[in-house]
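Have a look at the structure below before the remarks.
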């Protein structure tokens, strides 16, 4: 646990250092390119929560969508932590007015079922509590 905290502290210090350097020069530099990381990683889950919140907010569908499967998760370090996510999402039984869709069941009626493949890139600065959608590309499957 101590090793994990040391690594996390080092990462935060490095990102902050790079962040200041990038702000000085005006263009983010890639400190570490995208690498595969575990789907269960806390920041992947946080980025995915944000991506789905933004997807549902922008969608014209009457129902919320929720993640069915995470196909790929990667992290890149620039002036922030960037998460590349490939996911399958599906329409739930919860209408948007219901709010939170964490516990919503997926549509069972064949006429209402809808599955979508999405690629999201989310920028995160956890030390500033900032999240930003850099890319959202989705298509029906």
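Backbone N, Cα and C define each Cβ position, glycine as well.
Swiss-Prot annotations:
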| type | residues | note |
| --- | --- | --- |
| DISULFID | 94-104 | disulfide bond |
| DISULFID | 118-138 | disulfide bond |
| REGION | 76-80 | region 'Secondary area of contact' |
| SIGNAL | 1-24 | signal peptide |
| SITE | 26 | site 'Reactive site' |
Original post:
So which one is it: of the disulfide-bonded residues 94, 118, 138, which has the fewest other Cβ atoms within 10 Å?
Top reply: 138
**OP:** May I have the DSSP-based helix, strand and coil counts for the residues of the region 'Secondary area of contact' (76-80)?
**Re:** 0 helix, 2 strand, 3 coil
Original post:
To the nearest whole angstrom, what is the C-alpha distance linking residue 104 (disulfide bond) and residue 138 (disulfide bond)?
Top reply: 21
Subject >> Cβ neighbour count within 10 Å of residue 104 (disulfide bond) >> reply: 17
Subject >> Alpha-carbon distance [residue 94 (disulfide bond); residue 138 (disulfide bond)] in Å >> reply: 20
